[in-house]
Amino acid sequence: MELRRGGVGNQAAGRRMDGDCRDGGCGSKDAGSEDYENLPTSASVSTHMTAGAMAGILEHSIMYPVDSVKTRMQSLNPDPKARYTSIYGALKRIMHTEGFWRPLRGLNVMMMGAGPAHAMYFACYENMKRTLNDVFSHQGNSHLANGVAGSMATLLHDAVMNPAEVVKQRLQMYNSQHQSAFSCIRTVWRTEGLGAFYRSYTTQLTMNIPFQSIHFITYEFLQEQVNPRRDYNPQSHIISGGLAGALAAAATTPLDVCKTLLNTQENMALSLANVSGRLSGMANAFRTVYQLNGLAGYFKGIQARVIYQMPSTAISWSVYEFFKYILTKRQLENRTLY
């Protein structure tokens, strides 16, 4: 979202440019809203990148244990000891049988990828959104512009994030042969080559482009309903972000299952499907999932995915908007001083 002064039309009806306040109307505004309205209508690229990096790191750090469970639930042929019926039960069993810190294995590599990936993502999204809104709609927000901007930003995000996804998902699997991110990177590099880190890239894009399109279009629509003036409103960001993330997650679960299979290359599942060597390509992944589990296989882990994405997107939006607000306000204050 862009920093706005009370809505698409900048100066909203409740605020007069000449400072005239009738019936005590100006006094009813809280200081935070007034401060936000006085900020510039757009933030700098460095602000978008810093706020985006913080949002990505905090989002993935907080939700990482649930992400670990989701990865295991999407396994096509899990070990009998790694069959779970609920997220809580899975986390409890993993910590009891594999160690308290086991659900966090791979968090370090995820944080290293999430920071720069989200920094580029939000910076690209904000600038593309502003440019495309001028092209598609001169009166305000265009849902088409938001969807296209999110899709374009996804290309940059996934280029950085895909190698981190490959490593962290292999570390998350039950009985993983890798004990650390470094050993996983070294083994994959030596045995499968550089291409292994991008084997699921096309599937990742095929999943994330519709995911982000649904996410941003839904988010902007909900913002119009719960926050029509587009003020800085953390509660509206949390609600809109959470619901948009849940809907997008449910709709794209089949693609996420295929991505997980391409990333993890489950040996037992591939042998049951008579796949020799390494599985590659989205079409092959779709065919293998159906061969092993039928239509139900495409929705393995949907509960964990929705439960993961709903708070994740809520955290991401609220943290991003908070840091963007703080950083832009500080830049404005420094500019005023000098």
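Residue numbering: from 1, along the chain as shown.
Cβ coordinates are placed from backbone N, Cα and C, and glycine is handled just like the others.
Look at Swiss-Prot and you will find 1-37 tagged as region 'Disordered'.
Positions annotated as repeat 'Solcar 1' by Swiss-Prot: 43-131.
Sequence-remote contacts of a segment are chain residues at least 6 beyond its ends whose Cβ falls under 8 Å from one of its Cβ atoms, and for the transmembrane segment (45-64) they are 103-104, 106-107, 110-111, 114-123, 126-127, 308, 311-313, 315-317, 319-324, 327-328, 331. Per Swiss-Prot, the feature transmembrane segment maps to 45-64 (among others).
Annotation source Swiss-Prot lists transmembrane segment at 106-125 (among others).
Residues annotated as repeat 'Solcar 2' in Swiss-Prot: 141-225.
The transmembrane segment annotation in Swiss-Prot covers 143-162 (among others) and is backed by sequence analysis.
Annotation comment: Swiss-Prot describes 200-219 (among others) as transmembrane segment.
Marked as repeat 'Solcar 3' by Swiss-Prot: 232-326. Per-residue pLDDT, averaged along the repeat 'Solcar 3' (232-326), amounts to 86 for this model.
Annotated transmembrane segment per Swiss-Prot: 234-253 (among others), in sequence order. Beyond the ends of the transmembrane segment (234-253), by six or more residues, the same chain brings 1, 207-208, 210-212, 214-216, 218-219, 222-223, 226-227, 298-299, 301-302, 305-306, 308-318, 321-322 to within a C-beta distance below 8 angstroms of the stretch.
Within the chain carrying the transmembrane segment (301-320), a Cβ under 8 angstroms from the stretch's Cβ atoms is held by residues 1, 51-52, 54-56, 58-60, 62-63, 66-67, 69-71, 73-74, 86-87, 118, 122, 215, 219, 234, 237-246, 248-250, 253, 256-257, all 6 or more beyond its ends. Per Swiss-Prot, transmembrane segment is recorded for 301-320 (among others).
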